[in-house]
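Enquirer: There's a structure below that I have some questions on.
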Amino acid sequence: MANTTGEPEEVSGALSPPSAVAYVKLVLLGLIMCVSLAGNAILSLLVLKDRALHKAPYYFLLDLCLADGIRSAVCFPFVLASVRHGSSWTFSALSCKIVAFMAVLFCFHAAFMLFCISVTRYMAIAHHRFYAKRMTLWTCAAVICMAWTLSVAMAFPPVFDVGTYKFIREEDQCIFEHRYFKANDTLGFMLMLAVLMAATHAVYGKLLLFEYRHRKMKPVQMVPAISQNWTFHGPGATGQAAANWIAGFGRGPMPPTLLGIRQNGHAASRRLLGMDEVKGEKQLGRMFYAITLLFLLLWSPYIVACYWRVFVKACAVPHRYLATAVWMSFAQAAVNPIVCFLLNKDLKKCLRTHAPCWGTGGAPAPREPYCVM
């Protein structure tokens, strides 16, 4: 057996039955794996299958779902095996580095991706015309590739022992070995993760401030129409005089309201943001912020434990706190589908369409034509 903690241990051929704590860990992690794999698979299939979801926000959501699903399928089985073998690593040192690399890769990928999503949410509300014109499929692909490239750049150096990947017995996983900061190589990685999370929430704070400033509407000021020959033109005109003139009831010259009836081609081509689109963008913003907030809440205890190891040398992290923090970070891989189906009406509608038996009363029956008498 290869144990990368530096303390070789031997595992007997017959496995001892797991303790109550290990049994709880196995059950919880197994449940997290099932929910993550099923939820992310369903959400990914919906985004791929339904044309109504072929939009930039859902492409980013698809990338997050695929990353969480791969993390659950690749990394979590090794954690289950280590718990089953009494918090021991029974595989090679190379496999430990590979699993640790993938775990850190998916963590940083989620952080980078959530930051990019927060920027696109701000652009969708504050600069919608630019967003609608520039946020194409290829732009989304470029953003996703950039997030993966930055994640690889953050997770790859420890493979060459720049910040060491080792099996941490207290965490039952292969991950960064966080030591005291005077002999530590991982402080920079933790600072980068903290800066990313802070920057993401700063962008959402700016978006909230923008919406608050633009939610106040000016009161309607009634401007009287101007008329010298009963044509009634000007800012307060309703166009009724022009309609009367067209119908043959007008007298005198053509009303000024008809002189500018031909619109400017550039102004006509400018796309305005309707109320339905505003509500849709705000709904997507709330959903992605809920995902970001849960990412922060579920990873914060583990990040606090990492900083504790780096800056506090005299006192070790309590074992129960560390175990809870690690399993909370595992649970983050399963929460995204739940949040999306709870907060997104479009995803609920698509789910009912493709799985009518899950909806209330099945698929809606086609309406018969009728006439109002």
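Using the three backbone atoms N, Cα and C, a Cβ is placed for every residue, glycine included.
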Enquirer: If you have Swiss-Prot open, could you say which of CYS96, CYS107, CYS116, CYS140 makes the disulfide with CYS174?
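Expert: Here Swiss-Prot pairs CYS174 in a disulfide with CYS96.
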Enquirer: Report, based on Swiss-Prot, whether LEU48 and PHE176 occupy the same side of the membrane.
Expert: no
Enquirer: Counting Cβ pairs under 8 Å that sit 6 or more residues apart, are there three or more between the transmembrane segment (60-80) and the transmembrane segment (323-343)?
Expert: yes
Enquirer: As a test of reading the model: what is the averaged pLDDT for the topological domain 'Cytoplasmic' (48-59)?
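Expert: Mean model confidence (pLDDT) across the topological domain 'Cytoplasmic' (48-59) is 91.
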Enquirer: Among 98-118, 189-209, 288-308, 323-343, which stretch has the most Cβ pairs under 8 Å to the transmembrane segment (27-47)?
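Expert: Answer is 323-343, with the largest number of Cβ pairs below 8 Å.
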Enquirer: Do any residues, 6 or more residues outside the topological domain 'Cytoplasmic' (119-139), come within under 8 Å Cβ-to-Cβ of it, and if so which ones?
Expert: 56-57, 59-60, 203-204, 206-207, 210-211, 270-271, 273, 277-278, 281-282, 284-285, 288-289
Enquirer: The transmembrane segment (98-118): which same-chain residues, six or more beyond its ends, come within Cβ distance under 8 Å?
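Expert: Here the qualifying positions are 57, 60, 63-64, 67-68, 70-71, 74-75, 78, 143-144, 146-148, 150-152, 154-156, 158-159, 165-166, 173-176, 189, 192-193, 196-197, 199-200, 203-204, 207, 288-289, 291-292, 295, 299, 329, 332.
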Enquirer: Look at the disulfide-bonded residues CYS96, CYS174 and tell me which residue has the greatest number of other C-beta atoms within 10 angstroms of its C-beta.
Expert: CYS174
